[in-house]
């Protein structure tokens, strides 16, 4: 067993390795801190473009950074306008009915959905870096805002205060979003893993669909709770109040919307059919109600929508107790959800078109449009997937499509709002259900199950938490499980036994490569993570256990006794003082057992700290090698050239013949 006859290059030469593991030269503390902060907050080095530029050019570059329109605007031409005009009109036809529907979902006046599709898209067109993101309100954030504010203030009993709190929450959401971008803290959003977002969105979509049973069945009294049990109890305790007219109308329009969506999915060139379907439903539903006087037979309608542009609402912000804390909490939580969705959608379509977007710039743009929007009667907006997908499929070229949409909404606010008087609520419910069904991603759940069972657990926890408890609890559960997994990765890193691939100096995991041979007298372990206080105790115990298991295996097989433990440090990017103490303990334990610890390929940061911690002096620099192959060669050479008892000499030279 093993490669006893293989000729190790360094050992064959009878001399030392040509290169030693180097200790990096010391750096001033200020320079080291500066480099660490730069890597943490500026990994993309956004200031690189300003280097060696004249003052005027720096001003222009600064404007282009915060206002990308300054960069692409001068190059805009009529050819691009044609594509953006078509895209803008198409997404406007979707934005108008969706905006009205989602505002109702947040327990806000329907007109706010139109207001929120006018001002924010104009801001984003100037500051956003995505060519495809179509700005507007989203169902999940609307539901979350309605649930969190509704827990403090009843929208029906105190509509004015509720409305003002919605503006205030939107303002703080914008402040939080923009701050993350300006302070380069966008990585915080990354703590919402893909499984967390998919599960949360799927659960929220399910809850939204259940909430729409109120509109579909024509119920006037309905629970404010969002959990499955409460909703079903509310539905089935009022069977005598179900209105068949509303149910037939709702199911009919829902079927129409689903058929058009299915057709457009099968025939992508007819994307405009599903995009126009919601507005078509609104028009047909309004005509049907008007002609049949259905509002007199139990079909609830929107009623009068205020005509005119967004009124100023900056003076309506609630900045006093006891509601300020509620607004801040709601703003931060809904802001994170909206931000995660907007950036994920923007990156997805940027990938399709082979360009990049800056996540921190997107945070500033989305945050700014929410801050400005809150001062003009808008509530939380971001880049919804459904609207952005229509924008992409319609062939948009730049963010001007958002401007076109905003102009279309403006004309609607100025001249067309009276036409929505007879729009049935049940049609809006059908539009919401149709949009939400696409957020329940069964394929993603199956993929998570196949690839990573723990991610699937996170998905199920998020989904079940939202559906059976509440939107907030579901989000908290998902985030806690994601953070727990992160902590497990840190606190329980993998350690692997490496073996030598036949006729090579390559060493790999023996479980992954069953043909890899153990090297007689040498145990080779790979530590697969940085070493910190959180995992140092575990690593000490795990390494000693590997040694015990190897000695038991050797004893059972009658092979040569274990003499060396080689630790492959290639994946150890950093180490703290607890890690250094752990190495000292392992060295002492192994020394008492007649074994020698050998390090292979420690990185610069690790070498620097081991040197400052005096561990290299204690171990001996001669026991640290650039590669596992060199370390094994040195140990193997010593096994065949030196007296066994000298292995306990901590400062023994591995290459000296005895």
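Residue numbering: from 1, along the chain as shown.
Note that Cβ sites are derived from N, Cα and C of the backbone, with glycine treated the same way.
All TrEMBL annotations are machine predictions without curation.
Per TrEMBL, the stretch carrying the note transmembrane segment among 63-85, 86-108, 109-131, 270-292 is 270-292.
Looking up the ranges 301-320, 361-380, 421-440, 501-520 in TrEMBL, the one annotated as transmembrane segment turns out to be 421-440.
Matching 460-484, 535-559, 560-584 against TrEMBL, the residues noted as transmembrane segment span 460-484. When TrEMBL is compared with the stretches 24-42, 43-61, 195-213, 214-232, the one noted as transmembrane segment is 195-213. Counting Cβ pairs under 8 Å that are 6 or more residues apart, the transmembrane segment (398-416) and the transmembrane segment (133-151) reach 3 or more and are in contact. With DSSP states grouped into helix (H, G, I), strand (E, B) and coil, the domain 'STAS' (512-635) comes out at 63 helix, 22 strand, 39 coil.
Against the transmembrane segment (270-292), stretch 421-440 has more CB pairs under 8 A than any other of 195-213, 332-352, 421-440, 460-484. In this chain, the transmembrane segment (163-183) lies apart from the transmembrane segment (460-484): fewer than three C-beta pairs between them fall below 8 angstroms, excluding pairs fewer than 6 positions apart. For the transmembrane segment (133-151), the partner stretch with the highest count of Cβ pairs under 8 angstroms, out of 332-352, 421-440, 460-484, is 332-352.
Ranking 195-213, 332-352, 421-440, 460-484 by CB pairs under 8 A with the transmembrane segment (242-263) puts 421-440 at the top. Of the ranges 332-352, 421-440, 460-484, the one with the most Cβ pairs under 8 Å to the transmembrane segment (195-213) is 460-484. For the transmembrane segment (421-440), the list of distant contacts is 97-98, 100-102, 104-105, 139-140, 201-202, 204-206, 208-209, 212, 214-216, 218, 246, 249-250, 253-254, 257-258, 261, 278, 281-282, 285-290, 294-295, 299-305, 385-386: same-chain residues at least six beyond its ends, Cβ to Cβ under 8 Å.
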